[in-house]
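Participant: Dumping the structure here so I can ask a few things about it.
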Amino acid sequence: MDFILAFIGSFAGAILFNIERKNLVWAGLCGGISWVVFKVLFIQTDRVVFSTFLAAFACGIYSEAMARKRKTPAFVFSIPGIYPLVPGITAYTTVRAIVEGRLVFAANKGIETIGTAGAIAFGIMLASTAFQFVYKVNEKYRKKPKVIS
Amino acid sequence: MNIKEVMDIASFAGEILLSSGAEIYRVEDTITRICNSYGVHCECFVMPTGFSLTVRNKNGDVLSNVKRIKNRSVDLHRVEMINTFSRRLLNERSSYKEAMEELNRIKNMPYFSYNLQIISSGFVAFGFAKLFGGSFLDSLVAFVISMFIFYIKDNIQKYGFFQFLEFFLSGLMAGVLSIIVAKLIPYVNIDKVIIGAIMTLVPGVAITNGIKDALYGDFISSFARLIEASFIAIAIGLGVGVSLILQLSWV
């Protein structure tokens, strides 16, 4: 059920970013995957930033793989894919706490918001660098036998 | 082909890329690739608000150009098209006229229709309000409010006020509308409705692009983007906050 909802959200978000029609479904799927990973990890470990990081990493891996397969840049999938992870709730809670004058709670939530945003970006980046690394290593090993023979 | 025409093509492509929200390294790569494919040496310096580009051919003629980018939006399809365009140039050089026609076609490419955009912004709100634990009623309210906000934001954009006013007013509308609805229908949970409704405004692309730029070594652009993102977030937060203060003191 959660998967379908996250799929709907990312799919509609992808329309707002004006992505090509044939890639829309795959972009929505990326959002669904990242939300499910986040949810499972969050239930297991109860750590928001950590599970967001791994979910963003999974989203990045998926979008890099799809980018190779469908011959488009990876951000077409990754940007709608991180939509469910964006710290909307924590940001809102921060504002609400500031308005109600609970400043310590607001500081807590604010730091959590910044941490989550950073975790998303680094998760995505880590995935894409890992992919490039594997790609380059592969190239190297592919070339070596050619040189020898 | 003379260097003026090469520079025209490269700077036009760069302009489309930057105003569609591409990363800095991608813009620099594309401009360099286009110039190199016509056999012209080039050096460019790109920032989120504009770029300068200097080209030099083998005879030592130098030409340079500064381009200022005023309005930026997110349009991933256009970035993708320019990307494939510049890669194709490496294999087959098209003439000046062909290249400019192609770029113009990319620039004027149709968006999704306006109604579809409004409805999909509603669905974003619906999906996330339900996902973050709202009831079905909350999600429906968020659906309607989000469509309304999208409409209003687009209209403010047409008048061309500065960017943060749009986000402030949208946040304010989200807050005020959901408070009014909650007053009329007592079962509605304000928190969930507001979270769903502001989901379309959240600057996710700016944050990720900002950190990406830093990792590629473009620190100035990275800071510019992160500051843009945090100001947008502050503007939305202020809007919602003002409406919440109104609710606490008067309703």
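The first residue you see is number 1, and the count goes up from there.
Using the three backbone atoms N, Cα and C, a Cβ is placed for every residue, glycine included.
What you are looking at is a predicted structure, and each value in this text was computed from that prediction instead of being measured.
Pasting the feature list from TrEMBL:
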DOMAIN    A:2-129  domain 'Threonine/Serine exporter ThrE'
TRANSMEM  A:24-42  transmembrane segment
TRANSMEM  A:48-67  transmembrane segment
TRANSMEM  A:74-94  transmembrane segment
TRANSMEM  A:114-135  transmembrane segment
Participant: With DSSP as the yardstick, break the domain 'Threonine/Serine exporter ThrE' (A:2-129) down into helix, strand and coil residue counts.
Facilitator: 113 helix, 0 strand, 15 coil
Participant: The transmembrane segment (A:48-67): which same-chain residues, six or more beyond its ends, come within Cβ distance under 8 Å?
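Facilitator: Long-range Cβ neighbours of the transmembrane segment (A:48-67): 26, 29-31, 33-35, 37-38, 41-42, 73-78, 81-82, 85, 87, 90, 112, 115-116, 119-128, 130-131.
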Participant: Limited to the domain 'Threonine/Serine exporter ThrE' (A:2-129), I'd like the whole-number average of pLDDT.
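Facilitator: Looking only at the domain 'Threonine/Serine exporter ThrE' (A:2-129), pLDDT averages out to 83.
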